[in-house]
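For reference, Swiss-Prot has these:
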- 182-215: coiled coil (COILED)
- 260-270: compositional bias 'Polar residues' (COMPBIAS)
- 307-316: compositional bias 'Polar residues' (COMPBIAS)
- 359-373: compositional bias 'Polar residues' (COMPBIAS)
- 40: phosphoserine (MOD_RES)
- 306: phosphoserine (MOD_RES)
- 1-26: region 'Disordered' (REGION)
- 256-385: region 'Disordered' (REGION)
């Protein structure tokens with residue numbers, strides 16, 4: 001492309017190299033085009049880069065280091081034989097113009113107008129940096145022997161202070177000097193780590209296939225290993241320890257039972273029996289009779305009453321005496337009828353035994369609340385009968 005650019009220039013028919021010399025003179029233009037529009041005033045348009053952070057005086061905005069501007073470059077003086085240049089540029093955030101110039105004596109840039117520097121400088125002596133030797137000091141070192149001796153002593157003391165730091169830097173550089181050995185060590189460590197990761201992945205895959213798991217497994221940690229070691233599925237005591245404990249317990253056990261044991265067991269048994277007897281006992285006289293609850297026994301269905309029983313019942317009824325009888329006559333009458341009453345009682349017992357249904361007794365008749373008594377609830381109205 002370079003040679004093609006030089007060969008592909010258009011030369012008009014009236015171009016005369018002896019008269020015009022170059023195409024720029026033929027077109028009456030400068031090679032830098034618009035950048036050289038103020039070249040007659042000694043000003044050249046260049047691309048200037050901000051050397052440090054500043055604050056614009058017009059808009060009070062921060063302009064960072066490295067921001068580029070189209071600046072007017074102009075020579076304003078010399079430092080010995082080094083020229084001093086000034087740069088004038090417009091702020092990209094406002095209409096303010098900023099002027100800066102070089103400082104060859106301090107190897108720095110100085111703000112002339114339009115901005116203020118963000119102070120981030122430090123002293124080179126405090127930072128233990130190498131300072132540039134001034135021209136007057138160089139001449140004095142060359143001509144004055146005493147000054148050169150004093151300067152040498154100061155340099156040696158500075159070297160003693162900086163020697164540990166320099167040796168540490170040198171050791172660090174020597175450690176990383178052999179690139180091949182470092183690369184081999186790094187690759188070997190990488191291969192070992194990769195192999196361990198592959199083995200761990202194979203174990204995880206085998207466990208997932210065995211337990212039919214579809215979730216990713218988290219890598220183990222030291223806390224997990226300690227917890228798993230505490231949760232093993234075996235007892236704390238071995239078989240021999242258990243047998244030894246059993247033998248010791250048997251040896252120290254008393255041969256005779258304690259006095260409180262049988263009494264307590266018998267008392268418990270008696271309390272249980274008492275509760276059962278209470279549950280089987282019939283209710284007391286305060287409880288209502290079956291007739292009061294509307295429960296009657298149906299005698300006609302269970303067994304027909306014999307005529308002998310009816311006759312005995314009629315005989316057992318006490319005859320009413322005439323109204324003129326006395327108590328003495330009643331006693332005489334009772335003594336005479338004593339054998340008759342005994343006969344009537346026996347006949348009543350026989351009748352009751354005949355009238356009772358199968359599986360029932362006389363106690364069931366006297367206590368109808370027992371489960372053996374066959375009771376039927378009669379809900380019919382007494383008046384209707």
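We count from 1, first residue shown onward.
Note that Cβ sites are derived from N, Cα and C of the backbone, with glycine treated the same way.
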What mean pLDDT score does the coiled coil (182-215) have in the model?
92
Filtered by Cβ under 8 Å and at least 6 apart in sequence, the residues in the chain of residue 40 (phosphoserine) near it are none
